[in-house]
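Per TrEMBL, the features are:
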TRANSMEM  50-70  transmembrane segment
TRANSMEM  91-124  transmembrane segment
TRANSMEM  170-193  transmembrane segment
TRANSMEM  230-253  transmembrane segment
TRANSMEM  265-286  transmembrane segment
TRANSMEM  293-310  transmembrane segment
TRANSMEM  316-340  transmembrane segment
TRANSMEM  361-377  transmembrane segment
TRANSMEM  383-403  transmembrane segment
REGION    412-447  region 'Disordered'
Amino acid sequence: MKASADVPLNRNASFLKLWGGQSVALLGSKVSQLALPLVAIYTLDASPSMVGLIGTATFLPYLLFALWAGAWIDRRRRLPIMITTDVVRGVVLLGILGLAVTGTLTMWIMLGLVFVFSTCSVLFELCYYSFVPSIVPSRDLVAANSRLQASDSVAEVGGPGLGGVLVQLLTAPFALVAQMISFVVSAVTLASIRDREPQPEPPAGGAPPIMAQIRQGLVTVVRAPLLRTLVVSAALYNFFANWVMALFPVFAVRALDLNAATIGLIRSCGAIGGVLGAVAAGRLIARLGIGSSYLASIVLPFVAFVVIAVTPANTAFTVVVLTLAFAASGFLVVSNVVAISVRQTITPTDLLGRMNATYKFISYGVIALGTFAGGVVGDLLSLRAGMIIGAVGLVLNVLWILASPLRPMRELPEPVDETPASGPEAGADQETPPSREVVGDAPAGRG
């Protein structure tokens, strides 16, 4: 459908609307990430375990619904789903606000509403990553994804601080109004996109059973060398990075004797590094190539996490070292730009939803395992030992990429528009031309 195919990205009205709306929505989402737990704490006097359940309710839909949602999305137009989920999420937040104000909100009702909210977020994200290639030509995907990642990093810098101010001024429930407004902006900008998104054509002989469609998504990721490389890389990073980050707050307080304000300042430097990485991504990829850029952007976080783990306590340089290390870790965003661009380029349009669903199911699914493993090792050995083991574990990701077909690639592969019609698994094991290149992404930075 690309009515914008011959228009430069800076004049691509559809992309500019998407980018503008999502920049506002991302800022709002960072506010609600802080405000929702505080609603439970201040309004419901929630215990730590109950606050932890909010995190579970937020993450669980990725494991329960992502694979099914991907198959469902691939048979439908994505734009209407994105608009609908924006509206539903806004209504859910309005419900939490209304119940909190009237004193009728309970913890179980809140958990249910958060679960619905996160389920809509799963649908939106899968549509979002699959929709971008329909309005942006393949030649502009790296630039477009760099801008989208930059918006996310900017939101990481300003969102938590804005959320804290709003909670302080308005109370936690009313701070959710910022996210509601951002959903309105997102829905309006999406609705204003004029490029016509065609209805996906049903396959000859009718749609296969849902499990067959899910299997096709799994097979697509597992059999395609580049997709397999990227999803394993994302899983390795997410497992060990979340291992380390699960221990870091306790490590910072008890081993390094840092206060909360200092910890927050240090963490924000990672987001600033992400902004710089997103801004530099296009030039870095053009200069080094896809494979080398990806490798460099995962080596930096590996080194940064090792430095964080071995930083001594109570020295004049502790805060400086940690700040620089977190800033370096933010350059992981370059690998996100590469990975998303490659996935969008080499995956047939009618498989994008299932590919992204499988990718997130695997790369997000290991997060719970990583945080659990980090906590157990930290308890059994020591906080510093747990930090060091988790940080060193990231070298496995570096070794994986060094041995992968991604490493020598310099350019994005040729775009694939449709699944070959040879069967339900056609295109699942298509090799990417060896003269071209690729990249990857994950939640403590990639996903």
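Placement of Cβ uses the backbone N, Cα and C atoms for every residue, glycine included.
Same-chain neighbours of the transmembrane segment (383-403): 229, 232-233, 236-237, 239-241, 243-244, 247-248, 250-251, 254-255, 291, 294-295, 298-299, 301-302, 305-306, 308-310, 370, 373-374, 377, 440, counting only residues six or more beyond its ends whose CB sits under 8 Å from a CB of the stretch. Scored on C-beta pairs under 8 angstroms, the neighbour of the transmembrane segment (170-193) with the top count among 50-70, 91-124, 230-253, 265-286, 361-377 is 91-124.
With pairs at least 6 apart in sequence, the transmembrane segment (91-124) and the transmembrane segment (361-377) have fewer than 3 Cβ pairs within the 8 Å limit; the two do not touch. Sequence-distant contacts of the transmembrane segment (91-124) (same chain, six or more residues past either end, CB-CB distance under 8 Å): 32, 36, 39-40, 43-44, 46, 50, 53-54, 57-62, 65-66, 69, 73, 81-82, 85, 173-174, 176-177, 179-180, 183, 360. Within the chain carrying the transmembrane segment (230-253), a Cβ under 8 angstroms from the stretch's Cβ atoms is held by residues 221, 263, 266, 298, 301, 305, 308-309, 322, 332, 335, 339, 342-343, 358-359, 362-367, 369-371, 373-375, 377-378, 383-384, 386-387, 389-391, 393-394, 396-397, 400-401, 404, 406, 438-447, all 6 or more beyond its ends.
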